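Below: the structure, in structure tokens.
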């Protein structure tokens, strides 16, 4: 027994954290099933301080949404930590990285289980601070600029959430479960809308999500699958009974989400960075979740959030293994022919891509197909439906493009390279997530989606979803066979630059905001710090004292010389006068 404990404490910190999270998920799973099947909710209030008529309390909500979300987050985090022990084995500060990841998971659990707006800030701000520390983990100029962009954009959402807390004063409480209509309810809903849009990177706050790819790949697998980017979606699901009662919220959210889907889908087809392609696919799927909320189906959005978290984490882990084996090369044009070198990783990557496209009988199919059918059955206009299905076709196009360039295409590796996927720490988490993505979709659909209405659609509408995906696959294959598009020379045109730069959101979110303060700051530095402040400050005083001392010294030297000369000449004159 002592040897077992000694061996446990000799494990890597990443494996210890993974074991802890697996045990937590294992013991939480029966309670999650019980709460989901029975529909029970438990609201607990812990009174921290009570003075006279003022009390400070902490609310904890145990319900099917919170428990299932926590279970999925911790399970994916455990898989990511096991992969981290392989991917970051040579990192000297691995234990510090694991502590940051555990703090990230803890912040997400605070956000999930606390229904009070004030106490919810513990998890909300914790996600922002720890994500900044993880993005700048490598401490290069690229990661520092990406971390600053991530932190500043998310600060907008933090400020609006603080404003929502202030405007909720007319409610008399901050419990999101018991909100009612007041004079400031519209302002509160607008603040919550902006907060959720910034955290989930919806247009026009989308620029930080691809920039956050400067973080290590395990962080990307966690942040862009089930934690930071889904916090905004989870906030909307919690607030949905309150916010959906106001006219214009769902239509506005649907419009923004469709724009996000379209922008991310087209941009991913112009991108050659492996991690950025997957990040833009995350952005597109966040738009799908928001569209489901805009269509009035919050539980369907939650179901797609779970399925997307599982196969997107697997996709990032497969991409991390490919990058790690190819000397940290992320350019798709420098890969190819990996199907014969890394068969297990390639198989799991194809499963994740098929699930992302909504291929039948995979986990992504059961959620994405329902959302698209809901859009056909809803009162959306024709333009919205066209844009939704166009974005769906773009999803299939960039998924197949990713597989063609990295897996099936011509090998463009460096002369000396070695690819293998024989490490258990790298393959076991991917295999577990792949099995869940293949077999668990149908069961999760029965648990989380309430079939309280029936959709009656023509057969042509039923096959429209699959047909749009097949058209996207065909377009991707045709573009790959085109020599101009295949070599990437089209990237120099204005249109491709417009799409690859996410409709110029990246420069618009950085340069106009930063250039003005930098120019003004440069002017202040030149004319004040190096100008008047130097003259009137310490440097000017030092110069004046030095010049005064030099003048005084000069004056004293000349005065003494003059006095000596006067004494000498006076003595000579006196002697001459006496001699006469």
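Heads up, the Cβ atoms here are built off N, Cα and C, so glycines get one too.
Annotations in TrEMBL come from automatic prediction, not curation.
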According to TrEMBL, which listed range is transmembrane segment: 186-209, 426-449?
-> 186-209
Of the ranges 41-60, 221-240, which one does TrEMBL list as transmembrane segment?
-> 221-240
Within the same chain, the residues 6 or more beyond the ends of the transmembrane segment (68-90) and with Cβ under 8 Å of it are 12, 14-15, 17-19, 21-22, 24-25, 28-29, 32, 36, 97-98, 101, 105, 108-109, 112-113, 216-218, 221-222, 225-227, 234, 302, 306, 309-310, 313, 317, 320-321, 324, 423, 425-426, 428-430, 432-433, 448
For the domain 'NADH dehydrogenase subunit 5 C-terminal' (398-576), the mean pLDDT of the predicted model = 74
Determine which residues of the chain contact the transmembrane segment (15-37) at the Cβ level, with the cut-off under 8 Å and only residues 6 or more beyond its ends counted.
-> 8, 62-64, 67-68, 70-71, 74-75, 77-79, 81-82, 85, 98, 101-102, 105, 447-448
